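Colleague: The structure's right below; bear with me while I get my questions together.
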């Protein structure tokens, strides 16, 4: 196997997207298009990877980091001109160079590997990735000679009747002998309507010089989809979503309604977990085995333990233990750590809190900036009052504490192990271990008060 290099074309603005966000940074299943391409290309054993950037160069470089070198195409003068910007990095190298667009998020490493192998086995100077489609209108046609090699690529508008009948099309992905590529780029002309330098012209140059130009026809046309507008973006999203869902189902995850379930490419889900309709799993989420998620649940960048149930709730940037029950309509906000066998019930919000094993907040509570021990019961309407309008303060609740309904714990405050707080209390001072704290006005009954009040209103 020869040395391998790759050039990703990511300089276009994407005018048809009608967006402030640069085209290749538009996400597909939660990840920018160009990141999908880089992740797949990086599996090919490359010696060097160069991403050609232009519009939004800094943002693209920030997204990709140090996994790629970068070349700047300050003025967009066509695809051949874009590749030529990588000359300072690659022109003197010997080997094979893959050229692919950064707006093809569905391409897989397997397809690109097959393309490279075809190129190397054929001893070609260039190899074109092609596909067969029944309705090829608008695509360049691949004309092969008697040896099966590429004779020429004919654009749809330039094709004759015989060529229009060809259903093998150019996908816009190529590999080249690296030295031949950069030698040919200087020969490409911009004598065309757009005044641009086009990469397919390199194919014609090499062919006219007597070199072999081969083609590899992929069976997976959907992988070659180029995203140029929001319609194509939605198509890519659907295809990627279906691919991810299928992979998870093959690995033992039950997805009740795949058309209404969204899973990020980086999520990991254990076997025998069930996902109900309306479930959205984003980012680097890890979900254990035998869980039940949804319906209508969002989990982002979180770790969920085995045998946990989350219904109609939201979990962000948090860690949940095993056998946890969440929801319905609960919200676990970032930096929360929920222990094992915990109950977080309906309309409970937890933020930046450590919540101990076997503890419960079953209804209508806000627990923020708190440390909750084990075997704690927080009654309906329990609130940690953590904010004074300027600063956040911490509430500490020990093991075995029982907080009565409709209680306010005004932070900073500590309720020590085994203490009880009476319903309706507003706690502003620490509660000692095993004490009962009552902080509410004493009840007063005024006999016959209602009759007196009504008579007063009548007079």
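Every residue number used here counts from 1 along the chain in the order it is shown.
For all residues, glycine too, the Cβ spot is worked out from N, Cα and C.
Pasting the feature list from Swiss-Prot:
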ACT_SITE  363  active site, proton acceptor
BINDING   9-12, 23, 73, 78-79, 140, 155, 170, 228, 333, 351, 366, 377  UDP-N-acetyl-alpha-D-glucosamine binding site
BINDING   103, 228  Mg(2+) binding site
BINDING   386, 387, 423, 440  acetyl-CoA binding site
REGION    1-230  region 'Pyrophosphorylase'
REGION    231-251  region 'Linker'
REGION    252-459  region 'N-acetyltransferase'
Colleague: Quick check: in three-state DSSP terms, what is residue 9 (UDP-N-acetyl-alpha-D-glucosamine binding site)?
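Modeller: For residue 9 (UDP-N-acetyl-alpha-D-glucosamine binding site) - judged by DSSP and reduced to three states - the answer is strand.
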Colleague: Give the maximum pairwise CA distance in Å, whole number, for the residues 386, 387, 423, 440 listed as binding acetyl-CoA.
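Modeller: 22 Å is the greatest Cα spacing among the residues binding acetyl-CoA.
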Colleague: Return only the integer: C-alpha distance in Å from residue 11 (UDP-N-acetyl-alpha-D-glucosamine binding site) to residue 440 (acetyl-CoA binding site).
Modeller: 66
Colleague: Where DSSP helix means H, G or I and strand means E or B, what are the helix, strand and coil counts for the region 'Linker' (231-251)?
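Modeller: Secondary-structure composition of the region 'Linker' (231-251): 20 helix, 0 strand, 1 coil.
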Colleague: State the residues, same chain only, that lie 6 or more residues beyond the ends of the region 'Linker' (231-251) and have a CB under 8 A from a CB inside it; answer 'none' if no residue qualifies.
Modeller: 17, 26, 28-29, 33, 36, 105-106, 222, 225, 258, 261-265, 269, 271
Colleague: Indicate the candidate from 170, 228, 386 with the smallest number of other Cβ atoms within 10 Å of its Cβ, considering only these binding-site residues.
Modeller: 228
Colleague: Please compare the binding-site residues 23, 440 by how many other CB atoms fall within 10 Å of each one's CB, and tell me which has the fewest.
Modeller: 440
Colleague: Within 10 Å of each Cβ, count the other Cβ atoms and name the one among the binding-site residues 366, 387 with the highest count.
Modeller: 366
Colleague: What does DSSP call residue 140 (UDP-N-acetyl-alpha-D-glucosamine binding site) in the simple three-state scheme?
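Modeller: Reduced to three states, the DSSP call for residue 140 (UDP-N-acetyl-alpha-D-glucosamine binding site) is coil.
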Colleague: To the nearest whole angstrom, what is the C-alpha distance linking residue 228 (Mg(2+) binding site) and residue 23 (UDP-N-acetyl-alpha-D-glucosamine binding site)?
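Modeller: Distance between the two Cα atoms comes out at 8 Å.
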Colleague: For residue 103 (Mg(2+) binding site), which of the listed binding-site residues (9, 78, 140, 333, 386, 387) have their CA atom within 10 A of its CA?
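Modeller: So the list is 9.
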Colleague: Roughly how many angstrom lie between the C-alpha atoms of residue 366 (UDP-N-acetyl-alpha-D-glucosamine binding site) and residue 386 (acetyl-CoA binding site)?
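Modeller: With the alpha carbons as reference points, the distance is 10 Å.
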Colleague: Looking at the recorded positions 363, 387, 423, whose Cα is closest in space to that of residue 78 (UDP-N-acetyl-alpha-D-glucosamine binding site)?
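Modeller: Ranked by Cα distance from residue 78 (UDP-N-acetyl-alpha-D-glucosamine binding site), first place goes to 387.
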Colleague: For residue 423 (acetyl-CoA binding site), write down the residues of its own chain that are at least 6 apart in sequence and whose Cβ falls under 8 Å from its Cβ; none is a fine answer.
Modeller: 379, 404, 405, 406, 407
Colleague: From the recorded positions 140, 333, 363, pick the residue whose C-alpha lies nearest to the C-alpha of residue 440 (acetyl-CoA binding site).
Modeller: 363
Colleague: Tell me, how many other CB atoms lie within 10 A of the CB of residue 78 (UDP-N-acetyl-alpha-D-glucosamine binding site), whichever protein chain they belong to?
Modeller: 19
